[in-house]
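**Q** Please read through the structure below; I'll follow up with questions.
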Amino acid sequence: IKNRMKMRAFLVACLALFCILGVCQGGNLRKKFYKLTCSQAEDIVRTKVQEHVSARPELPAKLIRLHFHDCFVRGCDGSVLLDSTASNTAEKDSIPNLSLSGFDVIDDIKAALEEKCPGTVSCADILALAARDAVSVQFNKPMWEVLTGRRDGRVSISGEALANLPAPFFNITQLRQSFESKKLTVHDLVVLSGAHTIGVGHCNLFSNRLFNFTGKGDQDPSLNPTYATLLKTKCQSLSDTTTTVEMDPDSSSTFDNDYYSILLQNKGLFQSDAALLTAKVSRNIVNELTKQDKFFTEFGQSMKRMGAIEVLTGSDGEIRTKCSVVNS
């Protein structure tokens, strides 16, 4: 027994050493990573997020999108938060990211954490926690577990956002390939698409479905005709880049599973939403997620998997002092 205990202790020590050296990729995230180094870290994030969301109810959708757009490019390393420089155009200035917002909220949280625990909490972790906490305000309890221990990347390249982010006009094959490239399943794809239950979409990202679906001035036949008529009263041209429409009609500020019921009525706003009904496997998952408890459980699990994409841990990356610039 003594020998077994010694061997176990030796293996634990080896694993810890590997992780310190940054060898543990993804698996090195853990609960309450900051317990000893900044015990109030998660409370500070939660309090700040609650303050901001009470003043700006649109924030949950914006922060969850910010986290998603971060994780799909270079992994969840806070690279989407970096500003462009004289010699480099960063992710946030790439076309798919021009409508992102919530950067000011992350900066505010970071400033509070730097005051309390300088150089300790990564911007990547702040983003993961803030996305969860913003959605959770509505429920007055954490809606999923966020493991922490991410470190911040030092590289942010505009072209990588274009190459890695799934587009709103993708078909089911393209969507599956995009998610599989991040080691996420078709199940994760359908579950994470449920984030479209909150927030808005810009007209120019779906108006081809209303006015010029195949290039012949036609309407997408898979779109509910009554819904299409309503959308045409809001988006009146293909070039409208300023008007926005609720992604979940009449319920766009409530995080729930309405998205799936709306999808089954052929009222998914984007082609990428409607695409989920075009394959049997994804359509079956849509049907399962019409049960609210099922959706909440699965969403938490998929967010946890997404939050671990290609993370930097151990001695990789850095802990940025300011989220918009790398440390000098």
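Including glycine, each Cβ sits where the backbone N, Cα and C put it.
Please treat TrEMBL annotations as automatic predictions, because they have not gone through curation.
Under the heading Ca(2+) 1 binding site, TrEMBL lists Asp70, Val73, Gly75, Asp77, Ser79, Glu91. TrEMBL lists Pro166 with the feature substrate binding site. Among the features that TrEMBL reports, Ca(2+) 2 binding site is placed at Thr197, Asp248, Asp256. The disulfide bond annotation in TrEMBL covers Cys38-Cys117, Cys71-Cys76, Cys123-Cys323, Cys203-Cys235. Per TrEMBL, the feature domain 'Plant heme peroxidase family profile' maps to 28-327. Positions annotated as signal peptide by TrEMBL: 1-26. If you look up TrEMBL, you'll see Arg65 marked as site 'Transition state stabilizer'.
Situate these features within the shown structure.
**A** Cβ contacts within 10 Å of Asp70 (Ca(2+) 1 binding site), excluding its own Cβ and spanning all protein chains shown: 32.
Non-local contacts of Pro166 (substrate binding site) by the CB criterion (under 8 A, 6+ apart in sequence, same chain) comprise Phe72, Gln174, Leu175, Ser178, Phe179, Ser272.
Cβ neighbours within 10 Å of Cys38 (disulfide bond), excluding its own Cβ and spanning all shown chains: 17.
Proximity of Cys71 (disulfide bond) to non-local residues of its own chain (separation of 6 or more, Cβ distance below 8 Å) is seen for Lys182, Met306, Gly307, Ile309, given in sequence order.
Within 10 Å of the C-beta atom of Cys123 (disulfide bond) sit 30 other C-beta atoms, taking all shown protein chains into account.
Its own atom aside, the Cβ of Cys235 (disulfide bond) has 21 Cβ atoms within 10 angstroms in the protein chains shown.
Its Cβ placed at the centre, Arg65 (site 'Transition state stabilizer') has 20 other Cβ atoms within 10 Å.
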**Q** Work through the recorded positions one by one (Arg65, Asp77, Cys117, Cys123, Cys323) and name whichever has its CA nearest to the CA of Thr197 (Ca(2+) 2 binding site).
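**A** For Thr197 (Ca(2+) 2 binding site), the closest Cα among Arg65, Asp77, Cys117, Cys123, Cys323 is found at Arg65.
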**Q** Within the same chain, and leaving aside Asp70, Val73, Gly75, Asp77, Ser79, Glu91, name every residue whose CB is within 8 angstroms of the centroid of the CB atoms belonging to the recorded Ca(2+) 1 site, in sequence order.
**A** His69, Cys71, Phe72, Arg74, Cys76, Gly78, Val80, Gly153, Ser156
**Q** Around the recorded Ca(2+) 2 site, report the further residues of that chain (criterion: Cβ within 8 Å of the mean position of the Cβ atoms of Thr197, Asp248, Asp256; site residues excluded), sequence-ordered.
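**A** Going along the sequence, the neighbours appear as Gly194, His196, Ile198, Ser251, Ser252, Thr254, Phe255, Asn257, Asp258, Tyr259, Ile262.
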**Q** Starting from the Cβ of Cys117 (disulfide bond), draw a 10 Å sphere and report how many other Cβ atoms land inside it.
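**A** 16, counting other Cβ atoms within 10 Å of Cys117 (disulfide bond).
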